[in-house]
Amino acid sequence: MECKIEGKEKYQHSLNLLNKIQNMKELAEMIDVVLTAEGEKFPCHRLVLAAFSPYFKAMFTCGLLECNQREVILYDITAESVSVLLNYMYNAALEINNANVQTVAMAAYFMQMEEVFSVCQKYMMDHMDASNCLGIYYFAKQIGAEDLSDRSKKYLYQHFAEVSLHEEILEIEVHQFLTLIKSDDLNISREESILDLVLRWVNHNKELRTVHLVELLKQVRLELVNPSFLRQALRRNTMLLCDADCVDIIQNAFKAIKTPQQHSLNLRYGMETTSLLLCIGNNSSGIRSRHRSYGDASFCYDPVSRKTYFISSPKYGEGLGTVCTGVVMENNTIIVAGEASASKLSRQKNKNVEIYRYHDRGNQFWEKLCTAEFRELYALGSIHNDLYVIGGQMKIKNQYLITNCVDKYSVERDNWKRVSPLPLQLACHAVVTVNNKLYVIGGWTPQMDLPDEEPDRLSNKLLQYDPSQDQWSVRAPMKYSKYRFSTAVVNSEIYVLGGIGCVGQDKGQVRKCLDVVEIYNPDGDFWREGPPMPSPLLSLRTNSTNAGAVDGKLYVCGGFHGADRHEVISKEILELDPWENQWNVVAINVLMHDSYDVCLVARMNPRDLIPPPSDLVEEGNEH
């Protein structure tokens with residue numbers, strides 16, 4: 001009768017076998033082969049080597065010379081890596097670190113130990129930074145590890161400005177260096193950094209590298225270099241740049257700089273990064289094109305070039321069902337908050353505020369960042385690396401009540417903390433950040449004094465939050481109590497645009513749609529009026545803005561011209577230059593959705609975005 005061993009007994013059986021093999025190695029029992037690397041000898045067992053390594057299995061079973069040799073010499077493999085791999089075979093422990101991971105990976109690759117190589121590869125990916133990505137890239141290329149090569153190349157190009165400051169880049173060969181500085185894909189904002197890098201690389205070994213200087217200078221886009229920087233480089237590197245060919249290259253660059261219209265050099269990736277208006281939403285009908293559906297995309301606009309782009313919508317896949325609000329953090333991370341999709345809600349016990357962030361390079365998708373206790377009509381703000389969910393309407397004991405609670409989320413620590421509450425309960429308010437302080441503006445606040453009237457009053461209050469003190473203070477009030485307005489920060493001043501409201505404190509007087517622009521100066525704690533909008537305009541959501549600031553100018557993307565939510569929205573983009581104090585329509589019939597939700601401003605690269613469909617571009621009509 002056969003008795004099968006299962007579960008814990010089977011595990012114990014395997015453990016016993018491993019322990020006995022370990023003991024045999026330690027006692028040098030039944031040793032039948034010795035590996036030699038860098039002169040160091042490693043007694044071991046052919047059976048163990050063959051079990052873990054197809055390379056050794058083939059060596060010991062295919063009639064090769066080593067079949068009958070007691071000693072096998074391993075060339076181009078370090079003794080340390082052999083020791084690490086044998087320890088893994090006999091002890092089930094892989095001891096890798098930053099110093100040895102490449103040599104261990106190389107040995108594992110040589111011995112065809114795929115599991116070990118995969119662990120080493122993951123370790124290098126997880127520990128990649130600006131100081132080592134270049135070495136990882138060339139290592140991966142050398143052994144043909146495509147995944148690692150692709151990942152390290154993306155990291156290298158994306159972080160090239162930081163990589164260029166490390167010693168590792170000064171050690172690479174001239175052909176490798178040339179390939180790098182030729183690339184259009186380097187994420188650098190100024191060509192001066194490439195010129196500086198070329199001179200540092202040559203100076204690192206003048207005797208051998210000066211001969212390559214002319215060839216290297218030809219790859220620097222000198223016409224993009226500031227003339228004063230170029231003159232300074234000449235003065236500091238007289239001995240290097242005195243070669244006649246170098247002088248010709250530099251003189252031609254000076255001539256080209258004076259007449260830039262005659263030249264059209266390719267910009268590098270980082271030079272194309274610019275501030276864009278992002279109208280992020282998830283209208284399921286979306287923009288329809290003969291070529292494809294843009295329902296899963298959100299509208300982007302470059303006010304400088306007047307070009308349109310799209311990014312993926314946070315509704316893609318099983319993302320957000322509704323986008324309620326958003327914010328762009330100090331480090332340019334794009335955040336949106338809303339409610340889960342219907343399919344996702346059906347599988348959840350509790351309804352939450354779902355918060356997502358966008359990956360903008362190489363992985364154009366939204367990922368879930370965190371969730372917060374469910375509420376509606378809240379505001380979302382940020383200071384440094386922290387998010388703040390402020391006020392809103394919460395369900396408490398089966399009643400929807402407006403709250404004053406404020407929750408802070410640390411992206412770095414991945415935790416929530418309740419901070420000092422608002423001085424009053426608020427919903428449908430807005431929040432902006434100026435000089436590392438939050439400013440909460442307008443909204444609704446409940447009133448209990450007059451039960452026969454509206455249950456809520458509009459607020460004209462401005463509240464300031466100082467995170468260093470965890471304290472709120474009341475600042476100068478607005479002229480109008482309002483909600484459904486848009487906000488933006490221009491030149492460190494807060495602009496509040498349009499909305500529904502009434503003059504002064506809301507005491508039940510008639511409310512109307514506003515074309516009013518109110519501007520707050522945080523330094524002086526005072527408000528002034530700006531130029532009225534061309535017509536009364538409401539934001540597209542009660543707690544989100546459809547305005548943003550780019551290069552010191554204010555832009556409003558669409559909006560409602562009346563209080564009826566069912567009206568067709570305006571598809572115009574308005575521009576206000578604070579110096580001219582006048583509104584201009586800069587685009588009409590733009591390719592935004594019939595209904596979008598949140599307007600944000602972020603620095604993005606058009607290369608990472610989705611171009612508009614050609615048939616809709618033809619239909620579009622811009623000023």
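Any Cβ shown, glycine's included, is placed from N, Cα and C.
Record features, source Swiss-Prot:
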type	residues	note
DOMAIN	31-98	domain 'BTB'
DOMAIN	133-235	domain 'BACK'
REPEAT	386-436	repeat 'Kelch 1'
REPEAT	437-492	repeat 'Kelch 2'
REPEAT	494-547	repeat 'Kelch 3'
REPEAT	553-603	repeat 'Kelch 4'
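Note on the repeat 'Kelch 2' (437-492): DSSP counts are 0 helix, 30 strand, 26 coil. Taken together, the residues of the repeat 'Kelch 1' (386-436) have an average pLDDT of 95. Per DSSP, the secondary structure of the domain 'BACK' (133-235) breaks down as 78 helix, 0 strand, 25 coil.
According to DSSP, the secondary structure content of the repeat 'Kelch 1' (386-436) in residues is 0 helix, 34 strand, 17 coil.
Taken through DSSP, the repeat 'Kelch 4' (553-603) splits into 0 helix, 29 strand, 22 coil.
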